[in-house]
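Data first, discussion second: the structure below is written as structure tokens.
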Amino acid sequence: MPSYLTRQKTRKIFSWVGRPLPDRKHNHQIYKEMRMKVNDCSTEIHIKVGQFVLIKGNNNAKPYVAKLIELFEDGSKFHSKKCARVQWCVRFSEIPISKRHLLGRKPAAQEIFWYDDPDCGNNICVETIIGPVQVVALAPDEVIPMDQKSEDTLFVKLSWNTKNFEPLSPEVLAALKKLEDSPKCQKPLEGKSKNVKNPSWNATEQMVKRIESSHSTSKSCQTSAHPVSPNARKPLELSDSDIPRKPNMRLSQKILCDSLDSQKNSKRKTAFSETASPPKRCQPGEIKNLSPLKTLEKNGQAHSFCDKGSMILRAQDPSFITTKISMERALDPVRSRLRPSVMLTSILTPKRTGREAGKQEAHTEPTRTSHRVHRRSSLLTLNRIRQQLWLLDDDKSDQEEEESISSAEVSDSTSEEEDDSIPSLLKRNSQPQSRNRRMASKPSLQTPSKTPKKTTHHPTPQIRGRNIAVQEPTSVLEEARLMLHVSAVPDSLPCREQEFQDIYSFVESKLLDGTGGCMYISGVPGTGKTATVNEVIRCLQQAAQTNDVPPFEYVDVNGMKLTEPHQVYVQILQKLTGQKATANHAAQLLAKRFCSQGSQQETTVLLVDELDLLWTSKQDVMYNLFDWPTHKGARLIVLAIANTMDLPERIMMNRVSSRLGLTRMSFQPYSHNQLKEILVSRLKHLKAFEDDAIQLVARKVAALSGDARRCLDICRRATEICELSHNHGNSLGPVTVSHLMEAIDEMFSSSYITAIKNCSLLEQGFLRAIIAEFRRSGLEEATFQQIYSQHVALCRMEGLPYPTMSETMAVCSNLGSCRLLLVEPSRNDLLLRVRLNVSQDDVLYALKEE
């Protein structure tokens, strides 16, 4: 649909029509009709009760749609206010993304849905009304017409009750059908214009203005001849309805001919003989005016432009395209109206140089012989040009060339009389054509590629399928490993009952009140913050399905997944509306959505995880997230999660921390009893661990960090170690304390220590040589030659064969690639400087013999 009046900064004046009916109960004055007048315009639009209107919203291109139920003036306040009670209709883009799949089909572009929600506010201010709109009601079995002439017509056939789509009730459908049959609500009533002119002169002036505005290079300077209401702004259409139908058409036709003939003295005259001379190129700064051109027939008579005229549009780009417009107007004796028939033909002419054009003109002047250019030859030339352009151009240019050829073929099927009256604009040039033929027939010297150059425009997206089904766990340890995974969703969330109840009560109260709020949740990693909030949202969604709480939209963003803090606006907007926009534009749209009072919008619950990663120097992202819920009428609930407990006091500005409010919650680290309860609830009835092993890992993790994720990872690693020991010959049994101790040592030890323990004997000997050289020299740096001498001495002491210089250099390079050593990036060989990337104590701890 085209853009509406909300983009135009004009002032509209609303006034009542008729006498009011008093409503003493509500202190209202009820009206049945109102008048809307745009400032500095004489056109008025009358809107009555029962009509559908467009109302200003967040998106100017897609305003809200509603049906007027009542017009009244509220006198309860100090200043009376013009108000209206409406019945809302929603577009498909206004429905939450998570519920759009319930429609089961692709909606039409002009389809709206009857909004069946009794809790939705239906009182608006009449100043937010843009104008009337036509809405057609359809039965469920009817098909939405696709060939509708008016783009402003909307169709409704289903209703939306915030849960699913249903057909319109018989009462609503009958009322809408009755409204369509009523003639008073079909079109807006416009007031009479102040300026009244002669009908014939109006018709002539409009046609002249339309011709000048459609062919002039300065279209912005042309103004309309008659005042048009800004509420009825539409794109210009070339149809029968654009030309006013007046009774005296012969007089207007005569005036049009006189006005066009009067311009011949000031404009360039061009006469075409049967052999057309090559047109001259226009200067870049020249304004090309169009004048009626006389066509000379064989008998020498010149026809008037009004009977049959042909205008040549010369493109400013002197390359290929010359557009020929032939306009015929015939008077219909039955309906007494002017019926224009417009024929557009695009002819491609090969580009000529100035020398060839001069020879052509010199050769044409003395001869004056008559030659007729056949359309078949022009089609052959077009085909050759198309073949060359197809090799050089992309798919878009190919489509344009096919359209030009199709238009030439259509013009070829016209009658002989029309073909004789059209002057010949295309002259064959044998030399360029022969060159083009040789170029087209010459084979390519490049090696043909095996893959095609052009890919399919609409590839079908597919998800990779599994060739083999997922194997079921074959042992108790495998099943326990699946249950202990961090991403596995448990049936219940133990040890966080109080925090769950506090968050649930906070969000539920905001949903019931229809207000916004913010809660700050902090705690060390692995204490169940995100899992608890997700469980709260899941329970609230189930309650919304049973009508225990109002429906809401849920959006979650994670600061860890964002490349830049301002991208959080883009993620929120895309998940809410499905639109893609830049960060600044998305911030403006979200501010308009949350800060303005949207009566029919659902409450939005926003979860912002890893809030501390959204910190910026100006802190504008955090400020906006905490400021939006504080606005009046903003139905936004923000749940912010961060790992820093004192984030508001430590890094936030005062203006940001004040917006955060006093609703805060802190998740304490898990104790050993809570960790043990979490492990038992995960394992359920499986006997995969000994009781002492579970007690040991719970106490170890609780003493260090209290991170439940770390506890689950240690238990999963212990099951792998237990299976590995079974493969070595031991009996398969539950995980013991020894298995857990080995897993704990791996988890809490450094990765460098683990890498040193897994090094080869030669690499460990090289590390010992580095430690010996550092102790000898007292420095933390040594050359490769010094370390090699120490390595050879250590090998002789232990009775091992010492490696060669090349083997030792390879060992040094390997340890440097593992980042255990800091090696100089040069080719100094023996003088290469080497340093340790870990402490000497860690190296000695990893190399000690157990």
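Every residue number used here counts from 1 along the chain in the order it is shown.
Even glycines carry a Cβ here, placed using N, Cα and C.
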Point to revise | ATP binding, same site as VAL489, GLY523, VAL524, PRO525, GLY526, THR527, GLY528, LYS529, THR530, ALA531, GLU610, ARG709 - Swiss-Prot member from ASN467, ASN584, ASN643 | key: ASN643
Review point. If you skip the near sequence neighbours and keep only those at least six away, which residues in the chain come within under 8 angstroms of GLY526 (ATP binding site), Cβ to Cβ?
Key: TYR670, SER705, GLY706, ASP707, ALA708, ARG709, ARG710
**Study point:** Local Cβ density at ASP609 (Mg(2+) binding site) - other Cβ atoms counted within 10 Å
**Key:** 19
Study note, to complete from the structure: Those binding-site residues from VAL489, VAL524, THR530 that fall inside 10 A of ASP609 (Mg(2+) binding site) by CA distance are THR530
Review point. By a simple count, how many Cβ atoms lie within 10 Å of the Cβ of ARG709 (ATP binding site), its own Cβ left out?
Key: 14
**Study point:** Other C-beta atoms that fall within 10 angstroms of the C-beta of GLU94 (site 'Histone H4K20me2 binding')
**Key:** 23
Review point. Given the binding-site residues VAL489, VAL524, and counting only Cβ atoms in the protein chains shown, which has the most within 10 Å of its Cβ?
Key: VAL524
Revision key, fill the gap. The average per-residue pLDDT within the domain 'BAH' (45-171) comes out at 86
**Study point:** Alpha-carbon distance [GLU94 (site 'Histone H4K20me2 binding'); VAL524 (ATP binding site)] in Å
**Key:** 39
Revision key, fill the gap. Neighbouring CB atoms within 10 angstroms of the CB of THR530 (ATP binding site), all protein chains considered, total 16
